[in-house]
């Protein structure tokens, strides 16, 4: 096989690997060729024709040319320049250059930069205005009169995000970008991911916050702006001087527009991007091809939901309760109140009378200091985080079988799999950027997607096969499928022999898991399960993703274990495109646990009960550590009711809304002797506190987050803390010092250095290695070597072998006669968790103003109710009043309630956790949120829909196509390829 081909570029020979994109090769040699429609994250679109070069004597597009033979390429001869000039002129026929007064004149307008670099002075064709007005959506706007029809937005929507809303109508006299069947943006099925604005090479598609805000003259009234544009164009003899002026203005903007790399503060995908700020105003979020987890992708929250940063609801001063009411105080007073109460409670009841809940939204460094405060300063292991509410069972299942509690590979591996299996995960709304990777792999590369869920969400609709098991019965079908694969000799015997222990004992435990048993338990027909088992066993590579639909059950740990068992039996670990992916819900829920904010584990999952581990930390901390595992979140609440816990300190967590059975939780808060809440806002939980401390959000501090794929990334401070708020790490340090310790961290990098010294999993992590968009995936060796794919050198047990774990099942789903409706619950695309941050962005709230309940058409008909009806849901533990959205996403007596309810405005009204109970997974104490039943009472039979009429759930009309369909452009009578025109 020939390894390299000779390419002669402008007279010089190069050895090039076959399959290399010609345009990318030319760019790698620092040779300029215009390429306005090309984007390295999307590949060739072929609409702009500016990248033409001469290949073996013929003018062709370099962007779509693959080097598959020796070739001679010329980028500078007259024919090439003539063809490029023709293409550039056609672009300026569609796009008016008024750079100095354009919001996009920030140094990265690709039309401006290309024309300038090429040296274009005059355009041949006069600009032609199109008969269209600007179209404004809630977050971005489209200006057809500046659009060059490059199709990047279409490619992004159709084949990167795969939301399939945007296309170009090439058939009209004046082609333009359209949404759905040519409706306004705000009436379309657009989910507002914003990637169209991200990839637009000019000001045609632009964030609303940018308009009129970026430049020194861009806020000019439209009529005056038009006059200024005309005057400027008439005054300049050519584009050279015009570009010089606009370049000077762009340089001036650098002094007022700050671009700061950060990491998204919402879900566990870990999207990174630059945030553009002017003073405190957030202009835009701009992801990069260098963003390791997301590349150029975002979702509506990461791209646009930053209203919480400057919300007038932000806390800017400490609050101390006096005579039943909160009063603003200075930090000294607040710290003294905390120190006095912590000291008195510890002296009276002992250190285990105090408890601490860490935040999965805060940085690694802050999570580390919270557990250090609990263990070193107070002397208790009563510290936990919200992974207890969702991810602990997944981690338990992986610890049992493969030894590491994290994703097996990288997000990019999900695209490489031949088959993706999604179980109990509403990926398109909870982890939309990951969902887009899978949708793209399915659409463009034939990946097979199988979805097991009780609710027909978007991924279920798109799946090659969708299965609806009875609630809480996934372990039954998972084990039956595994048994069938072994029974029919479809298992990977070579993999098992070399890499897996306990096969015989495990196989024996599967005896009762017949396909007939699985059908009876789950309701999935035996024939469908057999077909799935055979496809799964024969697929070249399989990944399984799961989330709260699995973990928030009373057998969440066992169901997670069953997933890993299936992957081991089929040999789907230790390779790209394989493995277990428990999709983490919060931006740093992985990191928070990594940092030891757990009652039985210190950093890197080292046991606090192990003498050698404690000795290491005792040497670093200078105190003796408590050898007994502490209480987890669930046990803390019970401990308050039992009189064992007297103080609670939590930060970045609205426990009084998000914990299960919140009537029980709120009653516990009332019994506390002393409670401290640290947050951006006066949350619902904070209203129970004695002291409330104002904390700074992610844009106001430095630190690191660790995402679902174990990827550690830096975030940089973009803004100063608002008012007297402080980063959490500074608050913890102040409290520790007020209690007599001498913490002296100057920067979070020093905290991470300490973590690295103590934690084998993070041994090679340093801020220098995380500079910019660089990242590391744990475990990280001292020399900085990381592991994008786990287990290549063996599983995380002493002998390097994985373990199959025997399981049993008796978790049959039974419909209660009184509480006859099963209550499912979970995330929404627009809001995050309880919604405290997302409700602060007005246009997000406009999209989904309140919580609601999804009810099936069958149940609605049975109860005589319609869209917008008001119902009371009553469970054994409480009741909630909600408005109805009738949808076929749920069936029969299944209902679905989103987690968000805007508790800061509405209190706990309509909160799902008024209905949930205190049942938990026996191994992790994770609440069985998904094991909830209720009865329904009708208050009103119809009303106004709880969803905005323009919400994409109502306007669900996808228009899938492949790319921009450029051939339709080429078929137009007014199109001639510039190379052909030159040939003529």
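The backbone N, Cα and C atoms fix where each Cβ goes, and this holds for glycine too.
When 63, 109 are compared with the [4Fe-4S] cluster 1 site residues 95, 99, 102 in Swiss-Prot, the one appearing in that site is 109. Residues 190, 193, 196 are given by Swiss-Prot as [4Fe-4S] cluster 3 binders; from 157, 202, that same site also lists 157. Of the residues proposed, 200, 299, the one Swiss-Prot records at the same [4Fe-4S] cluster 4 site as 264, 267, 271 is 299. Taking the mean position of the Cβ atoms of 95, 99, 102, 109 as the [4Fe-4S] cluster 1 site, the remaining same-chain residues with a Cβ inside 8 Å of that point are 97, 98, 104, 105, 111, 112, 146, 202, 203, 246. Mean model confidence for the domain '4Fe-4S His(Cys)3-ligated-type' (79-119) is a pLDDT of 93.
Within 10 Å of the Cβ of residue 157 ([4Fe-4S] cluster 3 binding site) there are 25 other Cβ atoms, across all protein chains. Sequence-distant contacts of the domain '4Fe-4S His(Cys)3-ligated-type' (79-119) (same chain, six or more residues past either end, CB-CB distance under 8 Å): 32-36, 48-50, 52-54, 59, 125-128, 130, 145-149, 201-204, 206, 210-215, 217-218, 220, 225, 228-229, 232-233, 239, 242-243, 245-247, 249-251, 253-254, 257, 978-979, 981-982.
Neighbour counts were taken at the CB atom with a 10 A radius for the binding-site residues 267, 299; the maximum falls on 299. Below 8 angstroms of C-beta separation, residues 36-37, 39, 41-42, 45, 47-48, 91, 94-96, 111, 129-130, 132, 174-177, 179-180, 185-186, 188-208, 211, 296-297, 300, 303-304, 436, 439-440, 443-444, 843, 846-847, 958-964, 966, 969 of the same chain, each at least six residues beyond the ends of the domain '4Fe-4S ferredoxin-type 1' (138-165), sit close to that stretch.
Residue 48 ([2Fe-2S] cluster binding site) and residue 271 ([4Fe-4S] cluster 4 binding site) have their C-alpha atoms 30 Å apart, to the nearest angstrom.
Between the CA atoms of residue 147 ([4Fe-4S] cluster 2 binding site) and residue 95 ([4Fe-4S] cluster 1 binding site) there is a gap of 6 Å, rounded to the nearest whole number. If you take the C-beta of residue 153 ([4Fe-4S] cluster 2 binding site) and look for same-chain residues 6 or more apart in sequence within under 8 angstroms, you find 166, 177, 195, 196, 197, 199, 200, 205.
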